[in-house]
Each structure stands twice: as structure tokens, then as C-alpha cells.
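Enquirer: Under the heading active site, acyl-thioester intermediate, TrEMBL lists Cys130. What TrEMBL lists as active site, proton acceptor is His242. The feature NADP(+) binding site is assigned by TrEMBL to Thr11, Gly12, Asn13, Val14, Arg39, Ser40, Ser160, Gly161, Asn315. The annotation phosphate binding site is assigned in TrEMBL to Arg99. For Gln157, Arg235, the entry in TrEMBL reads substrate binding site. What TrEMBL records for 4-119 is domain 'Semialdehyde dehydrogenase NAD-binding'.
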Amino acid sequence: MSFKVAIVGATGNVGREMLNILEERGFPVSEVVALASRRSQGTEVSFGDRTLKVRALDQYDFSDTDICIMSAGGNVSKEWSPKIGKQGCVVIDNSSAFRYDQDVPLIVPEVNPDAISLFTRKNIIANPNCSTAQLVVALKPLHDFATIKRVVVATYQSVSGAGKEGMDELFTQTRAVFVADQVDVKKFTKRIAFNVIPHIDVFLDDGFTKEEWKMVAETKKMLDPKIKLTATCVRVPVFIGHSEAVNIEFEKPITADEARDILREAPGCQVLDKREDGGYITPLESAGEDATFISRIREDSTIDNGLSMWIVSDNLRKGAALNAVQIAELLVERGLIQPKKKAA
Ligand SMILES: NC(=O)c1ccc[n+]([C@@H]2O[C@H](COP(=O)([O-])OP(=O)(O)OC[C@H]3O[C@@H](n4cnc5c(N)ncnc54)[C@H](OP(=O)(O)O)[C@@H]3O)[C@@H](O)[C@H]2O)c1
């Protein structure tokens with residue numbers, strides 16, 4: 001059984017990673033179609049050792065496509081995902097357009113796989129925000145053991161989370177600083193090279209940013225609405241890999257050793273936690289990896305049942321493309337999707 005899969009946003013950071021991961025994991029494809037805007041029509045992207053010609057989204061007919069992985073931003077998704085879903089093609093959407101819709105499941109396969117069955121309501125499944133995906137992978141097994149009451153998280157998010165323009169801006173600004181050239185600020189609100197910016201996405205009335213709000217809303221939707229969470233989201237001059245300093249308060253006692261043992265066994269998690277120089281993960285080492293890495297696990301003696309830890313993952317993989325492909329795999333494993341075209 002194999003499926004016709006379309007990738008919308010195939011020329012972008014996440015779209016390219018999507019193509020790599022579909023190929024690496026041997027997802028059963030009968031055909032892969034690369035789609036983007038008319039700007040990229042006719043350009044080429046790689047899928048394994050094959051080259052795909054990019055086609056324009058607005059000229060493509062989805063009626064014989066089984067799965068569409070959307071990775072072209074919220075506005076494109078709002079316009080296209082419902083139309084594509086109505087054509088009987090299941091949409092896995094990377095944007096925030098449908099994440100909070102009651103009729104659209106928001107899925108991290110290690111966390112809430114059973115919620116996927118809801119997808120038939122709109123034929124859309126949402127992929128979470130990159131900073132939430134890695135967080136809930138680590139929180140879920142700890143919540144099952146000791147019930148999380150409250151989480152305080154500060155993120156250190158790489159520029160690739162802001163698309164290819166974000167990566168270009170870090171590169172060109174860094175070069176400009178070294179050659180004493182003028183440093184232009186376009187994509188971010190302040191210079192990102194040799195700086196950190198405590199602002200991701202738009203400001204809300206309460207002073208939090210939308211990125212911070214997303215972490216709260218998505219953790220509640222996927223893990224448990226009773227969990228209280230507060231976040232500070234910060235952009236840092238790192239190309240790939242989001243890091244998070246996380247403080248967790250539990251209902252029940254849990255030691256650092258217990259947490260380490262639980263996380264070692266948990267799906268999608270890898271513990272790298274030696275209390276010595278270099279005995280922890282950094283975003284550079286997480287780039288290109290599938291795991292959510294957990295380091296610096298320690299008890300917080302300032303609260304009852306408290307732990308602090310450091311969580312790092314490749315935002316283009318677990319934070320976006322890998323999770324989307326895992327959702328597609330879950331659809332296939334559970335027999336929730338059948339190819340429209342039977343193999344000859
Ligand atoms: N980066 C992350 O860590 C991350 C994590 C989770 C979710 N996401 C989400 O994934 C999406 C893409 O992110 P990205 O980092 O890959 O961005 P990106 O590198 O800027 O790529 C954007 C992609 O969207 C395509 N696109 C733009 N407008 C389009 C249109 N009107 N019709 C068809 N395609 C269009 C672009 O095609 P052209 O080449 O033709 O312009 C390009 O392929 C966003 O929704 C983002 O929020 C990203």
C-alpha cells in the first residue's frame with residue numbers, strides 16, 4: 001500500500017526537511033509532489049536521489065492525492081487546507097491556523113496519538129508549534145508518573161524557526177559585523193547577530209507574545225488542561241535547535257533519579273546528563289537528530305516536588321517535519337487512510 005503525498009512549501013526550511021524525512025524513514029509513497037508559490041515554479045528540490053520539479057500550489061488538483069503536508073505559513077493554510085480536505089486529501093498542517101480548532105486534532109504521536117481519530121471532521125490534523133512539540137515529549141512521561149501542576153519555561157529559539165529568511169539574516173548580519181559593513185535588520189525586530197531578542201510572534205494585550213500563548217494553549221490541548229504554564233520565548237543567534245530551561249512543579253514526589261530513569265525509557269526522549277564539563281546537550285549537537293534531548297535534571301529545593309531541566313531538539317525535525325511525518329505514519333499504522341489509487 002503506498003500513498004500520493006504532496007508537500008506544500010517544499011522549497012522552505014521545513015518542506016525540504018520533510019522531503020528528507022519521508023525518504024529516510026521509507027514512508028510508503030507512490031508519488032511525491034513538491035508544491036510552493038508561483039515564484040518557485042520550475043525550480044528543483046531533492047527527494048532522496050531523485051529531483052522533483054516544483055509546481056505551483058494554485059494550479060494543482062488534489063483530487064487523487066492522499067496526504068498533503070502543508071508548510072507554507074498560516075495564511076496559505078487558512079485558504080487552502082479546508083479546500084484540500086474537502087477533496088478527500090488528509091492535510092497535516094504545520095502552521096498555527098487550525099491548532100486551536102476543536103474539530104482539528106493537534107498531535108504529537110508520543111503524547112496523544114488517540115486524539116487523531118477526530119481528523120475526519122475536517123480532514124485536517126495540526127502539527128504543534130516547534131517549542132511546544134519538544135516540551136510535551138519530555139513532560140508527558142513525567143506527568144504520567146507524578147502529575148504536573150505548573151511549568152515555568154524560558155526558550156532559546158534558533159533563527160530557523162523564523163524560516164529561511166531568519167537563517168539568511170543571521171548569516172548576513174554576522175558576516176557584516178566581521179567585515180565592519182552596515183548591519184541591516186529586516187526579518188527580526190532588532191539585530192540577532194551577537195544578540196538575543198526576547199520577542200517571538202506578535203504581542204498580546206496581557207504583555208505575553210503569541211509564541212508564549214501558543215505554548216500554554218497547545219500544552220493544555222495535548223497533555224492536560226489542568227497544567228498551568230508560563231513561558232518567556234527568546235530568539236538566539238543559533239541556526240538550528242531550540243533549547244528550553246524548564247522548571248516543573250508536580251503534585252506528587254519525584255526525584256531527579258526517578259525522572260532520569262523515566263525519561264530514558266520514554267519514546268522520543270534521550271537523556272544526556274552527566275554532571276561534568278560538557279555532560280549535556282547543546283543545540284548544535286541536536287541538529288539533524290530526531291530525539292528530544294534532556295540534560296541538567298535536578299531537584300528544585302525552593303518548591304515542593306520540583307525539578308529543573310534543559311530540553312533541546314532540532315526544531316525543523318521534531319519541531320516540524322519529523323512530527324508531521326510521524327502523524328502520517330500514525331494514520332497508516334492505524335488504518336485510518338487508504339490510497340485513492342490502488343497499485344496496479
Ligand atoms: N521553522 C520551524 O521551526 C517551524 C516549526 C514548526 C512549524 N513551522 C511552520 O512551518 C511553516 C513553514 O516554515 P518554514 O520555516 O519552512 O518557512 P520558509 O523557509 O520561509 O518557507 C516557506 C515556504 O512556503 C512557501 N510559500 C509561501 N507562500 C506560498 C504561497 N502563497 N503558496 C504556496 N507556497 C507558499 C514558500 O515557497 P516559495 O519558495 O515559492 O516562496 C516556501 O516553500 C510555517 O507555517 C511555520 O510556522 C515552522
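For all residues, glycine too, the Cβ spot is worked out from N, Cα and C.
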Enquirer: CB neighbours of the residue listed as 'phosphate binding site' within 10 A?
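Expert: So the Cβ neighbour count for the residue listed as 'phosphate binding site' comes to 22.
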Enquirer: Taking the residues Thr11, Gly12, Asn13, Val14, Arg39, Ser40, Ser160, Gly161, Asn315 listed for NADP(+), what is the greatest CA to CA distance in Å, to the nearest whole number?
Expert: 26
Enquirer: Between Arg235 (substrate binding site) and the residue listed as 'phosphate binding site', find the distance joining the two CA atoms and give it rounded to the nearest Å.
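Expert: That comes out at 22 Å between the alpha carbons.
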Enquirer: Once the chains shown are all counted, how many other Cβ atoms turn up within 10 Å of the Cβ of Arg235 (substrate binding site)?
Expert: 26
Enquirer: What is the interatomic distance between the Cα atoms of Arg39 (NADP(+) binding site) and Arg99 (phosphate binding site), given in whole Å?
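Expert: About 28 Å separates the two Cα atoms.
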Enquirer: Near ligand 1, which of the recorded positions show up if the criterion is a Cβ under 6 Å from one of its atoms? Options: Thr11, Arg99, Gln157, His242.
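Expert: Checking each Cβ against ligand 1, the ones under 6 Å are Thr11.
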Enquirer: Quick one: of the recorded positions Arg99, Cys130, Gln157, His242, which has its CA closest to the CA of Thr11 (NADP(+) binding site)?
Expert: Cys130
Enquirer: Show me the subset of Arg99, Cys130, Gln157, His242 whose Cα is within 10 Å of Asn315 (NADP(+) binding site); these are the recorded positions I mean.
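Expert: Candidates kept after distance check: Cys130, Gln157, His242.
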Enquirer: Over all shown protein chains, what is the count of other CB atoms within 10 A of the CB belonging to His242 (active site, proton acceptor)?
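Expert: If we count other Cβ atoms within 10 Å of His242 (active site, proton acceptor), we arrive at 30.
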Enquirer: Same chain only, sequence gap of 6 or more: which residues have a CB within under 8 Å of the CB of Ser160 (NADP(+) binding site)?
Expert: Asn13, Gly166, Met167, Phe239, Ile240, Asn315, Leu316
Enquirer: Measuring Cα to Cα, how many Å separate Arg99 (phosphate binding site) from Cys130 (active site, acyl-thioester intermediate)?
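Expert: Taking the Cα atoms only, Arg99 (phosphate binding site) lies 13 Å from Cys130 (active site, acyl-thioester intermediate).
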